[in-house]
Each structure stands twice: as structure tokens, then as C-alpha cells.
Amino acid sequence: MGDKGTRVFKKASPNGKLTVYLGKRDFVDHIDLVEPVDGVVLVDPEYLKERRVYVTLTCAFRYGREDLDVLGLTFRKDLFVANVQSFPPAPEDKKPLTRLQERLIKKLGEHAYPFTFEIPPNLPCSVTLQPGPEDTGKACGVDYEVKAFCAENLEEKIHKRNSVRLVIRKVQYAPERPGPQPTAETTRQFLMSDKPLHLEASLDKEIYYHGEPISVNVHVTNNTNKTVKKIKISVRQYADICLFNTAQYKCPVAMEEADDTVAPSSTFCKVYTLTPFLANNREKRGLALDGKLKHEDTNLASSTLLREGANREILGIIVSYKVKVKLVVSRGGLLGDLASSDVAVELPFTLMHPKPKEEPPHREVPEHETPVDTNLIELDTNDDDIVFEDFARQRLKGMKDDKEEEEDGTGSPRLNDR
């Protein structure tokens, strides 16, 4: 796409009177700052009349089913709401135009009005909690929505057909500098044994990309008279839900149970490999996933990188991962095969996407090379090299689009059902 022009996403209101243009759908959180949300809204002047053009950005945490939103009680908490009066521009909302806004206004004309939002760095990233097989409607989790509409004031009731709603994502990418190599060790002294059992485990690195195998090096020194009967390795996802109070949910996303034994007065060393995949965890209701924009496949939620001193109460969902290594040790004696004792260590690590490579500068498109793509709408190819793509979700078989979801948002899971 980089050699065809600057891609701009657009979405129109159902009545066709407003259209919002954004340069991207993913906005990167760099820990100390977040990329601004900048775009323009194109309004039919005959429809606008004497009203004003407003754009809002909302970060919300939905934690229950929409069909239970009755009597003014909703299972949704707005973590952040910002409003901009795009036209006529309010003095406090007027900001210098970005390069994208300048180009869009030049192309779209005088009825295109700019808007810019600054996202606070301590807000959560977009996370979806995996629904169960029978769940329908909007999934629980944290999402960001841009909404544009015309009204006399912000309190006026806005109908869906007269407004534009776009779901965007706040994302983080793996840091360029990894942390120290995760290692952990423990020593256990047993009754009736003069010497201890020592377990040491390590990972080959601290940062893993989604889909990358995790190598776990396990070293056991068994100086006891006990036998290690089994070694269990698991990758666990931890999701801290910070809402009215803080609760932690853990879920194994990859496991291996090896029948490797370690006899008394012996040592053992082996490298185990596990790869956490969402495909192997489809049935796990409430598993944290990266936020979705379309009905396309996603992945396990990325680890959350926190800024020092961040207010954890405002962070909706904090995701982390650990590898757990557990030795199942026979106690010996008459109950040796029936009773056992566990020795375990945990290794925290980071699971994320790598930072995308910077796109090369866009080249001008010669007239004879005008690209043809039925999925894109391109205007004035030779003028300013901008390509417009519909923002709406792709409709797949058995899936609902945005409008259907909003009108039939039932059956999504509640946190208490996890």
C-alpha cells in the first residue's frame, strides 16, 4: 500500500450527511506519550444549517451484557471522555493543523472540519475478553470510539443514523531494549532427607513475539531420597481487572506435562518448548485478547507496559504472562505413590508484537499507473496521492456488522461469569 499513496480511512453516517476521515486505526502508546487522534469530518452544509459539529472520543470498559442495561443501570464504565467542537471551532479546541488534516481539507473542500484528541498515557490499551460459544453481541473489554454528529449542544439526543461511530485501537509494541533474562530458583528441604532438592529454571530471553516458541531450560539437582515423578510446564496469562476494585484472573494458555523423572541423588537438565496460540484456547471464556477492529482473527492480549507511577485504578485491564515450572515429588514411604509434594518457580516475561517497520516515503503516482482496486476509493490520483478506504468492518459469513451489533447487543459475557 505504501507505493500507491497515503491511505486514509473513511466512514459515513447512515444518512450520508457526515463522513469522518482518519489516517489510521491504531494509535501507538509510547509509554510517556500516545499518538494524537487527528482527522477531519466532512459535513453536508444543507444538513448542518445553524447547528454545530461535535466529535467525541470515549474510552469505555464494558463488563456485562447490553441486554441487562435496564433502569438506568449499565454494565459499562467510561474511563475517559473528550469532546471537541469541530465547527465553528471553539477557541480552546483550535489547534494547529497536522499535515494529514491540511491535505484532507485541501482535497475535500471548505466543509471539512478538523479535530484532534490527545489520549492520556495512563489509559488502558484496547483489550477484548473472549466470549463463550453461546455469547453474541459486543464482547466485554476496553475499547475506544470516535463519534461525530451535528447538534445544537452536546446534551442533545443523537440518533445512530445521524452520527458516525468508529472504533479505534490504542496499542503498545515491544520495547527495543529487552529486560534481563528471566531466571528463578528454589530449594526445598524434605523431612527424612538430609540434603535438599534444588530447582532452577530460565527462559532464553525476556521478550517474545506472538507466535514465537518459548524455550524453558529446567535444571534439577535432587540430593534427597525422594523421586521427582513428573515435570509440568505452563504458560499463564494474568489479567488484572481494575474497576470498582481489583481482581486478578489467571488462565493457562500453553501446557506440557512431561513424564520425565529424577531419581534420588541425581541431576536432570532439559529444555522444553511451548508456544501459546489463541487457536488452542478458543473455548476459554474470558481470556484476554488484543482488541479487534474487524471480524478478523486476533491474538492473545499483549503484555501491558506501565509507566512508573501510573494510576492503576484507572487502568481497566492489565495483562501479564508467566511461565510456571512445577516438579511433582513423591513423598516416599507407605503413601509414596498416593501423596506427593510440589516444588515450583515462576518466570515472568513479555509477550507483544514487534514495532512495525517505518514505511518508505510515498512516491507520486504517474497518470499512466493509476491503481485500480475495487476495495478502495481513490480520488484525484495525481493531485495529492491520497487513497480512501472504507472504515466499516468486513462482513463475513455468520458475522454481524457494526449496525447489527449496536441494535442487537445481547449475550456478551460478564466478568463474574469468567
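Heads up, the Cβ atoms here are built off N, Cα and C, so glycines get one too.
Positions annotated as region 'Interaction with SRC' by Swiss-Prot: 1-163. Per Swiss-Prot, region 'Interaction with CHRM2' is recorded for 45-86. Per Swiss-Prot, phosphotyrosine is recorded for Y47. Feature annotation from Swiss-Prot assigns 1D-myo-inositol hexakisphosphate binding site to K250, M255, K324, K326. Feature annotation from Swiss-Prot assigns region 'Interaction with TRAF6' to 318-418; the stated evidence is similarity to another entry. Summarising the annotation, Swiss-Prot assigns region 'Disordered' to 353-375, 397-418. Look at Swiss-Prot and you will find 355-371 tagged as compositional bias 'Basic and acidic residues'. What Swiss-Prot records for 385-395 is motif '[DE]-X(1,2)-F-X-X-[FL]-X-X-X-R motif'. Residues or ranges marked as phosphoserine in Swiss-Prot: S412.
In the structure as shown, the Cβ atom of K326 (1D-myo-inositol hexakisphosphate binding site) sits within 10 Å of 17 other Cβ atoms. Y47 (phosphotyrosine) is 60 Å away from K324 (1D-myo-inositol hexakisphosphate binding site) when you measure Cα to Cα.
Every protein chain considered, the tally of other Cβ atoms within 10 Å of the Cβ of K324 (1D-myo-inositol hexakisphosphate binding site) stands at 19. M255 (1D-myo-inositol hexakisphosphate binding site) sits 59 Å from the residue listed as 'phosphotyrosine', taking the Cα positions as reference.
Within 8 Å of the centroid defined by the CB atoms of K250, M255, K324, K326, the record's 1D-myo-inositol hexakisphosphate site, lie the Cβ atoms of K232, I233, S234, V235, R236, P252, K322, V323, excluding the listed residues themselves. Secondary structure at the residue listed as 'phosphotyrosine', as computed by DSSP, is helix.
Per-residue pLDDT, averaged along the motif '[DE]-X(1,2)-F-X-X-[FL]-X-X-X-R motif' (385-395), amounts to 59 for this model. Around the Cβ of K250 (1D-myo-inositol hexakisphosphate binding site), 12 further Cβ atoms fall within 10 Å across all displayed protein chains. When the alpha carbons of K250 (1D-myo-inositol hexakisphosphate binding site) and Y47 (phosphotyrosine) are compared, the span between them is 51 angstrom.
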